[in-house]
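What follows is a single structure, written as structure tokens, with notes after it.
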Amino acid sequence: MTEDDSTTMTEYEPNDRQQELIDATSGIHVVDAGAGTGKTFTITRRYANLLERGDVEPEDILLITFTNNAAGEMKERVVANCDYSMSALRDAPINTFHGYCHDLLIRHGFDAPTRLGIDDRITSSTQLLENEVIEEDRFREFLDQFIEAHPEYHDSFRTLNDATSLLDLIKELAAKGVFPTNEGWFRDGESFLDGDYEEFKTLFDEANEPNEGANGATQSDLRDGLSGFERDRCYEPDAPSEGKLRDGYPQIDDAWASRAFDEDRDDLKAFVHDIYLEYIAFALQRNYLNFSFLLMFTFAMLCEDHSLRESVQFDHVLVDEFQDTSEIQFKLALLLAGTDNLCVVGDWKQSIYGFQYASVDNIRRFEERLRTYKRELNGDHTRVEFPVDDVNEIALVENYRSTQSILDFSEHSLTLPATGSEGVDPEIRDDITSLAATTEHDHSTIEAFTGEDEQAAILTRIQEIVGNREYAVEDDGDEADDGDLRAPTYDDVAVLTRTRDFGRELQACAADYGIPVAYEGGVELFGTEQSILLLAWLRILEHEDSKRGWAVVLEEAGYTLDEVKHVLDTGAYPTSMVAFRDRLAAAETIGGIARRVFDRYGFDDAYADGLVSLVQGTFDSTHHNRGDIVRFLERSLDADATHEVADNPGGDSVTVQTIHAAKGLEHPIVIMANMNQHRFPPAGGGADRIRYEEPVGLRQSKRYTDAHGRPHLYDSWRYRILSRCLGREYDEERRLLYVAITRAESHVLFSAGESPSPLFENLPLEPSVVEPDVKDVAVGGTERTQFRISVPVPEMPSGQSPHSLMDDRVFSDVEDGKGMEFGTRVHDFAERYAMGEAVEPTTPDERNVQTFLDSLPGEFRVEEHVSLPVSVDGQQVTIAGIVDLLHVTDDRVAIVDYKTDRGRHAEAEYRKQVSVYYHVVQHAYPDRGVTTTIYYTADGDRVAIDPLSIADLEGLVDVGETDDDRGDDPRIR
DNA sequence: CCTTCTTACGTTTTT
DNA sequence: CGTAAGAAGG
């Protein structure tokens, strides 16, 4: 499903344009590589071609990608195309900008901070701070001490509404190459802050152009936008009255352009400068760098240290995904290029990372920027030594993904007005390189629909599509030339959304109907029950906040509010919980704490795993105490922080993801959902009081002074005029829609609810209205009941799994051939079949399971968590595990454990495992007879096991081993 | 056609 | 809380 999958097969030969790029091994090339044109394929071929010529080695070629994944994939595919092995390319500079800069700083960046006049060093102990929530926390801490130290800025501080907006500003400036030094600004940074009046004047004139009325000119957008100029606002005394400002008609007076632009910003610049510089120093002092500073220091170092720059420069520089680069990244590429063998590849139509400071003009106006940047970099010293006049443009035009209908349709999206009144510059069409399809069929459906309940409408449509040959998709099986069409499955459908929330809602809604849906992408990990309980236990461990923790834990355990209150007041916490707390307190690492908490509650899902690995990864060092972690969890919860969680149910399911997450992927059928007002495009925008915007530079919208003889936060009348000229940009929203459409191979559908957005209404399609009619696919209503057998948690237990009682050696000399994955699949089938899901057996083992389960009357309990407390040498130990199946009838309970083994070699060991289950189950069902059996799926043989006594089991426990030593999955297969 | 009022909204995510 | 799009009013 990755980009270029259609071209990964080596049997494909490059097309003419691809070949041109592969052969273009010298000179400057800018490659317009549209969606699905085999970009990665071509780049890796080009790279291999360079190596084959003999005089170029891997270390002479810098290949920059956008993500670490892409870098890894590039390496693999280069290896597939040339004589080098993976190990030979291990150290090859195929990397992201950040990754490469990190390496460079570690190797040569010791005194890079001195380039900004900061007297500190980057050392091998300097950490890269990756987590945003933690950085914001540090930044707040920094700001507090900054305010303390700078009384002269107290007024400036009053203008701020939110501390982190300043951190964002710093990162934005860093991405533009604007850095502070102890004496002012690095190189010509200050001119960026001042802005460019000429450019602004152009925008001003544009906004001030009279509109065409029915009879003659009507007022300009600018004049219109300035109505109500004084409404609900208080300006400083030098502000003009609305009447004066809007004196002219149909335009306002030209002179306002310079009056609004020219402003004394020395105080503002000094304020931002000092915070910026001192924050960098603060970070170094605390031994960390953020992603922005990584690039900043590398750039400063390469700029100023001429011999270093020359020594690291490359013969060839190749940048992939160039539409996602920021300005400083473009400049870094130039500094790293020793010759004019510079090749950038990208597609401006897929530039959707503006909020991460990607600058689409890097590729759209490549030549212009190249010249400007060369001039800037060479101002005082020749850093870019090669000529930049001769730029070759190559456009890849053959698309290997979509039908021609979809490709043609996708171009509309780039010119759709995104508001009722917006006019889109039609010249954009001239920049579009039309793509040519290579598919054999052109059977596409392109349609739009609405439904009052959009979620239901989408699910209804999905059910109509799946299995319907009208929505046939290409069957790209392994046979070389197929071109056959087949009816779609759930797997073929992807629902794309602009914002995450809609996708998550749809996922929940689909789950109600039993429609298989896999949400892919970042998940709100901190709002989960797992996270809340972990936080609660950590609070209990931290004594200051322990009551808040206890309240959550007690409530979860089923105490009523009154009971909770009573326990909190008296401090009489249940002894088993106190014992658990003490056991937690003994854990060495945060990962150990988290795992113990999740074991206690039986969480062994993707969320628990995600949390364990996240906290373990974030707090691996000993520098953090539990208070830090509590704060981290609180902040993350507060900030709705998201995190990637591997929660793919697998199997045949609909994909739901954001457009951003879908970039680079392809799907046979795409449903572009939630095209509603204020959702796509989203409403709102930055309300930051201090901001940087091209071309007006650094500005503030409010200022705290005592003008009018009264201290107040006055509005800036200049800012109001300037912001009216800048307006809101919807180009990126159109590109997002473009990306969504071009993910589709065969069919595209657009959906909206009750109030479609202009983007939807302006589609050249006639929307149909879908009456919701979702069929419930959950069979028989056999809901999986949450039933948990629990035995009171003993004092001071240390946990073990039944696995630890067993002797692994019986498994080691067996050549089974089926493997663990097979076992997992059979167990999954058995679990789902027992719960009444409509699953079909695919192997003889599964058919045996089916026959077996069909023969059993009564009730099933599936995957029961059990724990058995035992005492060994006076020490409490809990053995926890999961029973595959409990077969419950009126007078008996049967334990069934599936085994996929071909032979019986391990039965003696399994006896220990199922004996644990026996004692727990007997305890839970004291009135019924309990039988313990193993079901061998290979031959359908059910074997009764005579359980060991508790005393026997206790004899098997090795007290030296704690739960930290065992694997994550206590399940025994 | 122009102005004023009302109402509804608050994103995306990799390094 | 501040913004901006659309509706209503003049």
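Including glycine, each Cβ sits where the backbone N, Cα and C put it.
According to TrEMBL, the feature domain 'UvrD-like helicase ATP-binding' maps to A:12-403.
Sequence-distant contacts (6 or more apart, same chain, Cβ under 8 Å) of A:Thr37 (ATP binding site) comprise A:Leu396, A:Val397, A:Glu398, A:Asn399, A:Tyr400, A:Leu435. Taken from TrEMBL, the feature ATP binding site covers A:Ala33, A:Gly34, A:Ala35, A:Gly36, A:Thr37, A:Gly38, A:Lys39, A:Thr40.
Along the domain 'UvrD-like helicase C-terminal' (A:404-664), the predicted structure has mean pLDDT 87. What TrEMBL records for A:404-664 is domain 'UvrD-like helicase C-terminal'.
The Cβ of A:Gly36 (ATP binding site) has 25 other Cβ atoms within 10 Å, all protein chains considered. Shown are the binding-site residues A:Ala33, A:Ala35; of these, the residue with the fewest other Cβ atoms within 10 Å is A:Ala35. Reduced to three states, the DSSP call for A:Ala35 (ATP binding site) is coil. Around the Cβ of A:Thr40 (ATP binding site), 22 further Cβ atoms fall within 10 Å across all displayed protein chains.
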